[in-house]
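Annotated in TrEMBL:
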- Ile1, Asp18: S-adenosyl-L-methionine binding site (BINDING)
Amino acid sequence: IQSLENSLDGQLKVIYGDFFRLDPLATGTVKPPAMCSDKLFETMGVAAVPWRADVPVKIFGILPQKKERNTLWRLLFALYECSSIYRYGRAELNIFISEKEYQVLTAKPGEARAYQALSVLWQVGCEIQLLHTEPWSSFVTNLKNGGLAVPKSTWLPNDHLCLVRLTPQQNLFTGGLKPTNSATFIFMVKQCLAKPKSRLTDRLNSWSLDSGGKLLRELEIPKNAEARKLYPEDYRRLFEALQNSNMFTETWFHDEVLESIRNIN
């Protein structure tokens, strides 16, 4: 790749690093292939733009299969907090992910085995487009016997890698949802869908929100609605209504949010 750069008269710039090791959580000196996004974007000459502006940079890659779910969570936190690559605006990801994780990202209420907190949060945060599917057999594997190193999936199909475009929503932060309170939104969704069959009123009551039933009526959400029956946009509407009603101001709730973030990190 370096020799290719040398032969293209400045049309290609090669930077050594691992995109999926950007902004490591550990403290101390950052050594390649890990690197900091500010140094990377400075080298590339990419400047930050307002959130509602056009996409400042497009990224292409393949998610490491061993850390696929963890990587999706880390990118999700960066997206909602406008940190790492999203400090520069609505960075567009074009990434190959396993078919089973694509099914999770795009799942709808009623798809019991696929609809999860990850589904809600990515669908609220991004426009998700499937660009291409490719059989696993097209890729070189690292198994000594020549077999395919395909992650097993019991409940969801996983016969392909899926090239997926994740473009952050322009209107993500135009309502009550903001980078400063997004961790609370993530925590709320994770708590609600930890037990998908539980009723939303029971979850609100567990947070000592005595007027939860009234709030659901105002949002036209059925009183006995199960957590897994709400659409992603319903969760956003619920969160913004809770923010407006000052119901999330209790210290204990914010302590749990911080503890949840530490656990995920």
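Here, residue 1 is simply the first one shown, and the rest follow in order.
Every residue, even glycine, has its Cβ placed from backbone N, Cα and C.
Because the structure is a prediction, the values reported are computed rather than measured.
Taking all protein chains in view, 8 other C-beta atoms sit within 10 angstroms of the C-beta of Ile1 (S-adenosyl-L-methionine binding site). Within 10 Å of the C-beta of Asp18 (S-adenosyl-L-methionine binding site) we count 12 further C-beta atoms, all protein chains included.
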